[in-house]
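Asker: Encoded as structure tokens, here's the structure I'll be asking about.
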There are 2 protein chains.
Amino acid sequence: MPGTLFIVTAPSGAGKTTLVRALLARDAQVQLSISYTTRDPRPGEQDGREYHFVDVDTFRTLRDRGEFLEWAEVHGNYYATSRVWLKEQIAAGRDTLLEIDWQGAQQVRKAFPDAVGVFILPPSFEELEVRLRGRGTDSDAVISRRLLGARGEMRHVGEFDYVIINNDLQPAIEDMVAVVRAARLRYANQHARHLHYFDFLEQD
Amino acid sequence: MPGTLFIVTAPSGAGKTTLVRALLARDAQVQLSISYTTRDPRPGEQDGREYHFVDVDTFRTLRDRGEFLEWAEVHGNYYATSRVWLKEQIAAGRDTLLEIDWQGAQQVRKAFPDAVGVFILPPSFEELEVRLRGRGTDSDAVISRRLLGARGEMRHVGEFDYVIINNDLQPAIEDMVAVVRAARLRYANQHARHLHYFDFLEQD
């Protein structure tokens, strides 16, 4: 009874976090992917819920064993997406959503060819600039760098199965919900979930 | 701005007609495919709405020109699905739904490789038998023949992109709506619908 892996990618400012949060509130069958990290848990964080908290030695061992799809060092802490953990979740039938950049998405796609890729776009590039400037806290140089980064991310939209243009929040949420619902109805998923029925239908 | 062609196939008794009607009521962007026929219009029927009504000579001309995807004679009247008409609808951006059997679906798929195939299954083969018997008007021989036909149809479920198991009507309607909504979000459809935006994003 395999679940579906959803890869969700977006440039900063497209509204990904809001959309993903709304999806999780609407569809209790979807869980977020849980990363590994070497940073300390913050108050209220729980091992196996926000992150898999591990020490540096454990992290390196898992990494050197090839258990990670990708890893990165940010401000002196390690972060990683575990291929092994994801495989377990999918095999157990748990639909799992992974927020990741386009480079990470490429790695994930190699290991999970049946993953469903969703790219979230802002209504337009101009609107993205307005949104990024609207925060009002950043210098022009920072905003220019973010826009360049966003543009670089958006060039990879063609590598994704579905594109949601986040113009209005409510329709965009309906889009997310529909993509997830439809993915479960794909032949291979239905077959896996209703094995006896399909075997009976398709036998000679 | 190309639309999407939806192919919907089901054995008799799976509830296809009800589901399709509910989808059309929910999603005004979807139209039914309109067949060609040589039979006379019934009171209230309108040319180009229920059917394209044509005389036998016209029908044969269109057929011999290869304009039809498939055609059949039923009770002395001809019926056909027009490849040319469907191409026009899809090219004009109109999402069009075609109810057809598995053989017809194979023909349509060859001409429209981007068509989205949806197969509707009853909850189980036993339940299908109950439904077909439940009508109470048919002899055992007729019911047996229908069950055999249904089984023959259902063996082709694997040729379809999506499978909806019509156990409860409401979730099955949500499934139909989700499949249609998600199809519009596929990269190729979004690209075609937002050409300037995507060209801008993807240029070098």
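Start at 1 and count along the chain as shown; that gives each residue its number.
The backbone N, Cα and C atoms fix where each Cβ goes, and this holds for glycine too.
Pasting the feature list from TrEMBL:
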type    : residues                                               : note
BINDING : A:A10, A:P11, A:S12, A:G13, A:A14, A:G15, A:K16, A:T17 : ATP binding site
DOMAIN  : A:3-181                                                : domain 'Guanylate kinase-like'
Asker: Tell me, what is the mean pLDDT of the domain 'Guanylate kinase-like' (A:3-181)?
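Answerer: Averaging the confidence scores along the domain 'Guanylate kinase-like' (A:3-181) gives 94.
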Asker: Excluding A:A10, A:P11, A:S12, A:G13, A:A14, A:G15, A:K16, A:T17, please set out which residues of the same chain place their CB within 8 Å of the center of the CB atoms of the ATP site, keeping sequence order.
Answerer: A:I120, A:P122, A:N166
Asker: Taking the Cβ of A:P11 (ATP binding site) as the centre, count every other Cβ atom within 10 Å, in any protein chain shown.
Answerer: 25
Asker: If you draw a 10 Å sphere around the Cβ of A:A14 (ATP binding site), how many other Cβ atoms fall inside it, taking every protein chain shown into account?
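Answerer: I get 25 for this one.
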Asker: Counting Cβ atoms within 10 Å of each candidate's own Cβ, which of the binding-site residues A:A10, A:S12, A:G13, A:G15, A:T17 comes out highest?
Answerer: A:A10
Asker: Including all protein chains shown, what's the count of other C-beta atoms within 10 A of the C-beta of A:K16 (ATP binding site)?
Answerer: 20
